[in-house]
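Copied from Swiss-Prot, the annotated features are:
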MOD_RES   V2  N-acetylvaline
MOD_RES   S184  phosphoserine
MOD_RES   S309  phosphoserine
REPEAT    11-50  repeat 'WD 1'
REPEAT    55-96  repeat 'WD 2'
REPEAT    101-144  repeat 'WD 3'
REPEAT    148-204  repeat 'WD 4'
REPEAT    210-253  repeat 'WD 5'
REPEAT    260-299  repeat 'WD 6'
Amino acid sequence: MVSVINTVDTSHEDMIHDAQMDYYGTRLATCSSDRSVKIFDVRNGGQILIADLRGHEGPVWQVAWAHPMYGNILASCSYDRKVIIWKEENGTWEKTHEHSGHDSSVNSVCWAPHDYGLILACGSSDGAISLLTYTGEGQWEVKKINNAHTIGCNAVSWAPAVVPGSLIDQPSGQKPNYIKKFASGGCDNLIKLWREEEDGQWKEEQKLEAHSDWVRDVAWAPSIGLPTSTIASCSQDGRVFIWTCDDASGNMWSPKLLHKFNDVVWHVSWSITANILAVSGGDNKVTLWKESVDGQWVCISDVNKGQGSVSASITEGQQNEQ
């Protein structure tokens, strides 16, 4: 059984939509309909407010930490159609960049693996996905995938930089030939896989169809070097699917139904070793799932938060969400 190790009183004045631990598990970022982003030091079970970031003009849906090799950087996205990138300099958090290239709510932000540099994917209700790449001296290059999802994009998640099968296939000392990929989920009930071509343009590689309602979240599992790629998806239809691909071409994906919940499922998140999946939904519960030896997914923990958002507490099983 997973126990709650800390409960953080964020003092947000409205619903909390996301809560993310940083790389080291010492800082917690939260965002809310009160238009604010807050950062807490949560070491040793404490909760010290480090920053209260104001810059959005609408509900803030999601936050994402960049890899610490680039400093303390946090991205946030909002109903106000903006993405803001915040950076800590000399102990003070400030806005370092604002992206206003979408025509509707920006629902999801996700940093690429650090091996690629500072690249942020952003999914919007206008149906487009934008990719922001830091080019140095405060400048960001923007690429846009228009009409990525009809009606809107709800979630983006990068594939790991580790090449599938590299643990057993990669010649010693040879640098892997990385191919940038990410997954997206949208209001067209689809999961789409995208890859960067040699000319730098992004191409739709695959459509994954299984959900019967809006896809609310997608999460590409971390790679541990084995020759399998795995993606989790969840939907307004209450279902969570685990998608696996074993072939080198990356074209043959097979879905397995993890569970059919009685309410919308908002988020899915992998443990850092990719063997446990956290699922949170409209029933105010976080459930943890693990694949058994016979290939079936079983619930190993059911944490009922009672009243309030499921994002407001941190459990041991979710600390390595990033």
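Note: Cβ is positioned from N, Cα and C throughout, glycine not excepted.
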*Mind tallying the repeat 'WD 1' (11-50) by DSSP state, helix then strand then coil?*
3 helix, 21 strand, 16 coil
*Using DSSP, how many residues of the repeat 'WD 3' (101-144) fall into helix, strand and coil, respectively?*
3 helix, 26 strand, 15 coil
*Using DSSP, break the repeat 'WD 5' (210-253) down into helix, strand and coil residues and give each count.*
0 helix, 21 strand, 23 coil
*Which number gives the other C-beta atoms within 10 angstroms of the C-beta of S184 (phosphoserine), all protein chains shown included?*
25
